[in-house]
Structure formats: C-alpha cells, structure tokens
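Student: Quick one: the structure is below, and I'll ask about it shortly.
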Amino acid sequence: MTPARRLPSPGVFGKAHLEDQDLIEERSTRLMVALEGRAETLLEALREARVQREAMSSRLDELERQRQSLEARNAELAAEAREGGAERESLERRVAELERRLADAEASCLELLEENRELDEQNRELEAHNRHLREDREVPAEGETASVFSRRGRPAQGLSALIGHRHRDSETPADEPASGESPATGPAEATPAADTAEASGRQDELPSIDEAPSPQALLEQWYQRYPNAFFKGHTRPLQVGIHEALAEHEPWPEKLVRRALACYVNLPRYLKAVREGAERIDLNGAPAGEVDAGAAEHARKKLDRLQSGRRKGAKPARRRPPAKGPRGEDAASDARQEERSQQVSAPQKEAGGRDDEPADSRLQRKLGELVARHNPR
C-alpha cells in the first residue's frame, strides 16, 4: 500500500508566494533602472547631436557667406582685369601713335635742317652777290656795269637776259649799249657779246627779274609742270644729268635751276628711293637707266649723315602735328614744304628796304633798281 503524500501547510505556500513576488519586483526594478539609464544616455547623445547639428549649420552658413564674398571679389577682379586689358591696349595704341608722330617729327626735323643749310648757303651767296652789285653800281661806265652780268656758261645767259629784259612797249633796244662799244673789241669779249645778243633775242619770252621765284617756289612749279618726274608722294630717282634738260626747258639761270633741283634730291624720301637697281626716269617719266651701287651707297651715306646731324643736338621748332593720310610722312613733309615755299615766294608789299627784309627779296629789289636805271623807258 502506497503511503499518501503529505501536503504543505498553508503558511508555507504564502511565504513562497511572497518570495516570488519580491523577486519579480526586484527584477522589474533593475530593468527599469537600466532602461532609465539607457534613455538618459540616448537623450544626452541626442542633445549633443542637436548641438553639433546647430554648430554645423552655423559653420555652413558662414562658409556660404564666405563663398558669396569670394564670388563677388572674383567678379571685381575679373572686371579690373578687363579694365586693365583695355587700358593696356589703349596705352599700346598711344605708344604706337607717339612713335609714328616721333618718326614724323624726326623726318620733319631732318628736312628743316637740310633746308636751313641750303638757305644759309643761299644767304651767303646772295649777300656776297649783293655786295658785288653795290660795288658795281658805283662804276659810271655802262660797259663795265653790263660786264658784271657777263658770266661764263648758262648762268650768264639767264641773268643777262633777266637784266636786259624790258617791257614790250619799250622803244630803246636792250643791246644798244653793247652796240656803242669800240669796234676794236678783242676776241676775248666776242663770246660774252654773242651770249648777250642771243639772250636779248629771247628777252620777250623771259619773265622779269622781279618775277624770279625762290628755289622752293620753282620746285613747286615743277610739281605741276613735270608731274611724271617730280612727285610729292611716292618718289622715283631722276635721270643722271637731268639738270641739263631742266636748264634747256626753264628760262631761269642754271644756278637757280640747280638749287631748286637740290631742294628735291636732298629730301629724305628721295634719298630713300635711290636704291641699287631702281629705275631712273626723265622729265616725261620715261625710263632713263638704273641706279648703280655707287649712287645708292652715296645716297645712303648722305641720309645717314642727315640723320646723325639731327640726333646731335637739333632743336625741332614747335609745329602742328602732321596730317594723317595714306602718304604718311611724305604727305606731311610736302605740306610743310608747300607752306614754306608760299612764304618764301610771297612778293614784298613795301618797296623800301627794311632790316628784316629777306636777302632774296632785297637782291631782287636792288636788281630791279639797277635795271630801271640802265634801261630807262
């Protein structure tokens, strides 16, 4: 027979139940404490994350402002760079213009130096001839006075023709004083007498002494009279010995023709045109030989001398800027030459002599007085 099991007493059950409840509550308390700690940790992390996010947002805003500032600065620098480029181009154009004007001024100075040398030499010759004329005016004999103008070669013919010229309504022949000379005239005087007679036969075709132009004015006439040989722009070398052809065509003394021709062949643009192998031309513009090496070298050395003389202390006069045109330097120099020739060839308004009267005009006036005295109407 199996023995019956003994049931615990009610007090034992109550005690066990209380113990179980305590264990459950203790476990729940531990869990709650753990959860609260974890929640606090997460909340702290969340707060830190929010603070970091705010800091990052502030940093991002600051960087954005810096970016905008840099973009504005970059735009300003780009604008300044464009302005600097435009200013540099403007300065380059200005420098190029100044260089062109400097070249024009140097060429003008060179031409003025050459003209000054020519005019100084002409002044000296005119003063010497003027003194010679004043001395000859004191000689009473007409034969001796007429011999002053009897020079060798073509200059004697031209000047004698100018001195012996009278108006068309004159009644006394110009060669009357010569016809009154002694028939015993020697052979040495035969040639001057023949020259004077030949020149007197052409006197009606010659202008009076008062109309004799200056070398520059005569050159200006050649520009119009021989347009195929004398140029104001592009220049071509002239024929060797062209002064002889000019002397045959022109009614003026050969010395005046040579001086006018010298005014042309001493221009820098003409010297630059005299290059080896370049074609020479005559008065009609027809080919007349070529420039040889010697002539080209001579022209180059003369141009170098003129330029070196200009660099050694010439003071260019204040003048207006040369006009801009397709001919550049030649157009400006020709305009200045034309203005100068007009000033030189202008007739004198007063008959009496003045201290500031040009030597050329003074010589013409005195020659006119001499002609009036020896060729009375």
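In case you wondered, yes, glycine gets a Cβ from its N, Cα and C as well.
Here TrEMBL flags 129-140, 326-341, 351-377 as compositional bias 'Basic and acidic residues'. Residues annotated as compositional bias 'Low complexity' in TrEMBL: 181-200. Per TrEMBL, the feature compositional bias 'Basic residues' maps to 299-322. Summarising the annotation, TrEMBL assigns domain 'ProQ/FinO' to 211-319. Positions annotated as region 'Disordered' by TrEMBL: 129-210, 285-377.
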Student: Across the domain 'ProQ/FinO' (211-319), what does the pLDDT come to on average, as a whole number?
Tutor: 85
Student: Could you count the residues of the compositional bias 'Basic and acidic residues' (129-140) that DSSP puts in helix, in strand and in coil?
Tutor: 9 helix, 0 strand, 3 coil
